[in-house]
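See below for the structure under consideration.
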């Protein structure tokens, strides 16, 4: 029986259940919840050792890694978890698009809000160690606020707390990096309520019976949770150096600009589109469009396997476009990468439009 909006109690929520055809590999949302919980707890532990300030931020991170027992492992577990969390979110949304289950605007919009809040938290956390690449990447990104008509320069100076990035900026970013995950937890709860108002999606494409969330689904997910946590614990000591740019092992220096400024991988697509537009204001507008456009990908038609193949024929070229834009964004801002970015940007928006209207 379909539940009324905003009348979902804990008992009815647990009774709603998941389809019997779902396996632990299908329940990516529960793995995301566990990863986000691990990120929240490890972030709180790191906050006890961090000192926001241009004179103390880099030193406090270095002290954590070299002096505090187990501090290096905690920090790199947090860095690896942030990358794993955003990658799983992208995979979670991509699977939804692949099978054509984007039929409920509220669920899709709340999921998009979760991803946006998580990406913003990751950006603020990327700046906090006060490495040289973090400093210059934050300078480039925050300067885009200056494109706002009317009070752009004032907003940039207000965001920085001065004429350039400094201690006031770090204090504000630290506060936002601490508060945004709390807001994200509210969005996660809203996402679950909207999802379980109706039956959850499943790999078969149609309803085949439901199992209660507790204990059937919980015990099924425990094996997957243990595997995800084990991979994070094992991979942290061995792969952390692949996630940090070499420039970030240097203290931020306003007089030493890196040869090639590049953000983390989850910002490469917007960064590639931003560089492909020569005009500053037009580039900022294109950047906003790239970020907002996936919000409009939901389709009100009920998904089924009859139109999945035509939909997937649109999906794979769009994924190729996203991958190519990521590679372009990671390369220097010079020929031929700028030309390739300008060629791929219209295909990105065309693919979004095709995904939004296919199957309606």
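Keep in mind that glycine also has a Cβ here, set from the backbone N, Cα and C atoms.
In TrEMBL, the annotation transmembrane segment applies to 134-161, one of the ranges 134-161, 246-273. For the ranges 7-26, 67-86, the feature annotated in TrEMBL as transmembrane segment maps to 67-86. Outside the transmembrane segment (107-128) by six or more residues, the chain places 36, 43, 50, 52, 57, 61, 82, 85-86, 89-90, 92-93, 96, 134-135, 137-138, 141, 169-170, 173-174, 176-177, 180-181, 183-184, 187-188, 190-191, 194-195, 263-264, 266-267, 291, 294-295, 297-298 with a CB less than 8 A from a CB of the stretch. For the transmembrane segment (173-194), the most Cβ-contacting stretch among 29-47, 67-86, 134-161 is 29-47 (pairs under 8 Å). Same-chain residues lying 6 or more positions outside the transmembrane segment (134-161) and placing a CB less than 8 Å from one of its CB atoms are 123, 126-128, 167-169, 171-172, 248, 252-254, 257-258, 261-263, 267, 274, 280-281, 284-285, 287. Cβ atoms under 8 Å from those of the transmembrane segment (29-47) belong to residues 64, 74-75, 77-78, 81-82, 84-85, 88-89, 92, 118, 125, 174, 177-178, 181, 184-185, 188, 195, 221, 224-225, 228-229, 232 of the same chain, restricted to positions at least 6 beyond its ends. Over the domain 'Cytochrome b/b6 N-terminal region profile' (1-204), the average per-residue pLDDT in this prediction is 82.
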